[in-house]
Every structure is written in C-alpha cells, then in structure tokens.
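According to Swiss-Prot, the Zn(2+) binding site annotation covers C70, C72, C85, C88, on the basis of sequence analysis. What Swiss-Prot records for D466, D468, D470 is Mg(2+) binding site, and it gives sequence analysis as the kind of evidence.
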Amino acid sequence: MAKLEQYFDYVKINLASPERIRKWGERTLPNGQIVGEVTKPETINYRTLKPEMDGLFCERIFGPVKDWECHCGKYKRVRYKGIICERCGVEVAESKVRRHRMGHIELAAPVTHVWYLKSLPSYISILLDIPLKDVEQIVYFNSYIVTRPGNCPNLRYKQLLSEDEWIEIEDQLYQEDSNLYGVEVGIGAEAIQKLLKDVDLEVEAESLREDVLSAKGSKRDKAIKRLRVIDNFIATRSDPAWMILTVLPVIPPDLRPMVQLDGGRFATSDLNDLYRRVLNRNNRLIRLQEILAPEIIIRNEKRMLQESVDALIDNGRRGRTVVGANNRPLKSLSDIIEGKQGRFRQNLLGKRVDYSGRSVIVVGPTLQLNQCGLPREMALELFQPFVIHKLIHQGLVNNIKAAKKMIQKNDSVIWSVLEEVIQGHPVLLNRAPTLHRLGIQAFEPILVEGRAIKLHPLVCPAFNADFDGDQMAVHIPLSLEAQAEARLLMLAPYNFLSPATGEPIIMPSQDMVLGCYYLTTHNPSQQKSQAYYFSNLEDALLAYECKKIALHSYVWVRFEGEVEDENLKIRTSILKEKYTLDIFTERIIKTDEEKKVIAQYILTTPGRILLNKTLFDSLTLSN
C-alpha cells in the first residue's frame, strides 16, 4: 500500500449517504467480483483459528491477518505485494490494512439512526413536525402513520392510526363497492424514510420564514427551531432520508480485536457481539421475507433488527441495555467515542507530545502576572536541546554526547546556561479541561526549587484552578513564529477580559481576599505594645519585623498625606507656644496659631501599613 501524505485544513463530520457507506468498504477484484459486504455473523474458525470468509474478520474484505500472506497460503513473502490470490481472493498486503479497511452490512429493512431519533433535540421529530413520542410509536411498530390520505374523508397526512383503526379502514378499502383509493399508510423506519423523502427543504424553509415573521410566542420559537435544522441540511447538502440507515458500516477488525488468551480462550471486543446480533437478525429477516412469512412475524423481526442496530450505535439509549457476561453492559460505538475515556478526549485531544511536562501547581505570590515558576529539573529536561546547542556554541563542549554527559553530571555551569536559554523564551501552561481559550496561556519561566509549578494566584479564575492538588501541563513553543504568537497574543496580562462575558477575569479570589481581610481587620483583643508613636510608616514596619509590635497592634504613625475626614472630634487642647492639638478618634492634628498643620498622626495597624505600601509600590512601579 502506497503511503500518502495528505494535508488538510479541517475535519468536517457530516451525514453519510448509503452510496458513500458502500464506497468505504467495497472493492472490485480482478475477476470482477465486488467484495465488502459482511453477510455471516461468524468470526474465526474454531479448528484453524483463521477468519471465516464473509464474516466479521474476513480476510477478503479487510485484508490478510499475517503480513504478505493470503488466506490459503498460496502467496507468501513481500515479493507478491499487491497480487490478489485466485483461490481465496485475498490481496497480499501488510496486516495493518486491517486497521483502516471497512466493510458494510446491507440491511433487509431500513432502520432509524438512534442519534437522530433519541438525542435531544430529535432531528427526525423536528424535521417531520411530529412529536417524538409519536415518531417512536411508528419506528418501533406500535402505530401506523398515514403517508397518503387519498380520498378518505376521515384521514389526514401524518395522522397516527392504531392497529384496530387501520384494520377497519383496510376492510373498507378492499370492499367490492368501495370508493376509496390512493390511501397509503406505513409503519416502522420505512414509513419515516418515505416521509423524509417527501420533505422539500427549499419550500419548507420558505414557508417557515413566513411563519417566523407572522407568528408569535411558542409557535414562532418552534418555527425558528425547525428552520435552523432545515437550513443546516440545505447548507451541508445532506438528504434528510440519510438519517434512516439502509446500509450499516462495519468498522475495521483491528479496532475491535479478538485476542487469544493463555488458556486457549478468546477475549473479544463488545462490538463483535453487537455486530453478531445485527447480522443474525438481518439474516433471519431475509429468510422470513424469502419464504413469505406472515406480516406480524416480519414486523416483529424488523423491530428486533431496529433494536439491535440501536444497541450497536448507542447501547442503553432506548429500551433495555444489552448486557454480556456478568451482567456488564456492552460498550457500543457511542461509548467508545464519548466521555473522558473516549476516543476524542483520551486519544486525540489528550495524547502525549514532545517538549511537554506535567506537575502539581502551588501558589507563587511573589511572581509577576506574566511569570510562572518552573522547577529546575523540569526546565532542564524541556529545554535540553537548547542547552546543548548553547554549550556547543559557547565552546564549553565539542559535541552532543559530551553535552549530555555534562548535564547528567549536574555540572554547575548548566544552570547558568539554562538561565540564559529561558530568558525571553515563553512557555505555555494548560489546565485540563480546556473549556475556553483562556485555559491555555503563555508565561515567562522563572527557575524555582522543588518539583511543583508556581502559578500567580490572579490567573486562577481563567484556568478554573485552585491549589488543592490540581495539575497543569507545560508546553514549549519551538519555532520563532510560535514564540512570537505566545508573546504577543497568549501572554497572561493580555488575556485580561473573559471572551464569554467581556468582564475582567483577572480578579482577586480566595487566598488573596482572605489575606487582604486579615491584614486590615480590627482586632478588639488586647495586642502587645499598643499606642506606640512612630515618626513614619517605615519605622512602624521595622518595629513589626523586629517583633516589637503585633500585626494588629494599634499604633500612632506620623503621616503627611491626606486623610478622609470621617473621624469624630473628641477634644481640642491648647499647648504652650500657642500650638493647638485637635484629637479625633483615629487622628491627631497639631497646628500653629495660623492654623497651619505642623504634624499629623493617624491610628492604624502594621497590617494596614503593609497593604497600603504594597499597593502604592505596585501602582508607582506600573506607572
């Protein structure tokens, strides 16, 4: 098989037509035979342990089990590459083709796709404008639906009929003197398919647009909902009838393997059991139709086929959940795709990548907003190629091997080189689940001791992170373009507003709010060293650092700035030399005879001084 490299911009998931599903699995052999249809529920032969032909593991459909060897053994070795065996019809190829070659099952009766029937909103229900409950009654053979009312006055288009009502109309229809004609009713997925084929999307969309303009309330909302679905069908050029399956795709056998265990027993994927149920019921329905079995038996078999396809696509979505050994529910196609352990989140979005690391986050209150603390050990591993290049460039070593040896020895030179390397090289921090674009942001790394990543507390709301054991991933942008994009677009200070609401997302929370409250709170209990006087704010902080006063001790501090005048005046004292002392509850002002302020003391705590100084320093620094 030729290896092709195909570049693409995006992947679009769309409804598949029956022709496309056949095209996925069908191949034409040199003798003109078309292979691809799985017709037998058998998997492997119990004596030879080789896959059964036309079964779920058929080598003719899916490719050989052994590299460069056909089923019958006539052709072995790579020199026969591409040859199709005349005896068994198997193409000589690598066994890994069994990971992507598909097959298909031709269904004896159409069945509805359970995603489009039972998911909310139900697209089949919306498109036909029939309540979901009624659609289910039709699909599972409990009620008939009128597809052509003919000239019967008691019938209308899309009217539901019970078994007894239809028998009564049928008796009138086939009477010798009956004037009724053109009456058609249906049941099951075939009836839904006929109704969907009758829907003219363009005409329906035009009619709904008029309804949206004229209608009000719930009727208008319903029209908008239908119009949105119809417009999407028109835009994607999908036929609504494709929501009814006539051909069922069979996924490649290596994605649903059967593995032999030590004791000779086999472990198999649940999908094989679900496919086997579909094939058994499909083959039984074909036989019943061939022998012209009674309608009631055929209808029951069609219902069972519908239920088996439902279980294959989404087990448990409707009806009783199909269980295997030990009453364990079988994993359907939907179970493999969806959820945290599903194919998308586990294997595609969550795959391991180079130049990345992961560790627990801890708070880094001393960091700048655009910085993160990166453990030395992790940083050395992530930036190792850059460090090696720098060591060779500076002439400290001659080759890569010597550089790696120096790194392993933990030479002291390494850390200074690492400091140079990370200077101006942003890193990306990501916290799963990345539900919005702020779940991954760029920071400038600072080397820290220990094994935990240090994160600025202000960016926690954007990541929805807290410090109770959360982990974050680190990624290194390698190219200059990636580094420039990280620096210009993804740096934390540039992601100030929430993309959802437009409101600031960088806001103090949790520990920061509690810390600010603790620093500024009134503490009525007796603290040590109350009512000291200090000549400036720095002296008060120095006394606190020397443990002469407590964080919440009330002290008088000389302050030259403006103070809000909300204090209650207690008394005024006249001092010698004509000075006046105005005493307030939290302030003392000394003035001369011209009322000019000579000195002002305020009552405060070291905690409040500390908060005020921190805010003042950060504001003056930013300016």
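Glycine too: its Cβ is placed from the backbone N, Cα and C atoms.
Feature annotations (Swiss-Prot) mapped to structure.
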residue : record              : DSSP class
C70     : Zn(2+) binding site : coil
C85     : Zn(2+) binding site : coil
D466    : Mg(2+) binding site : coil
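For the binding-site residues C70, C72, C85, C88, the largest tally of other C-beta atoms within 10 A is found at C70. Of the listed binding-site residues, namely D466, D468, D470, the sparsest CB environment within 10 A is found at D468.
Take the Cα of C72 (Zn(2+) binding site) and measure to each of the binding-site residues D466, D468, D470: the nearest one is D470. For D470 (Mg(2+) binding site), the spatially nearest entry among the binding-site residues C70, C85, C88 is C70, judged by CA separation.
Other residues of the same chain near the Mg(2+) site, with their Cβ within 8 Å of the Cβ centroid of D466, D468, D470, are I361, A465, F467, G469.
Nearest neighbour of D466 (Mg(2+) binding site) by Cα distance, taken over the binding-site residues C70, C85, C88: C70. Ranking the binding-site residues C70, C85, C88 by the distance of their Cα atoms from the Cα of D468 (Mg(2+) binding site) places C70 first.
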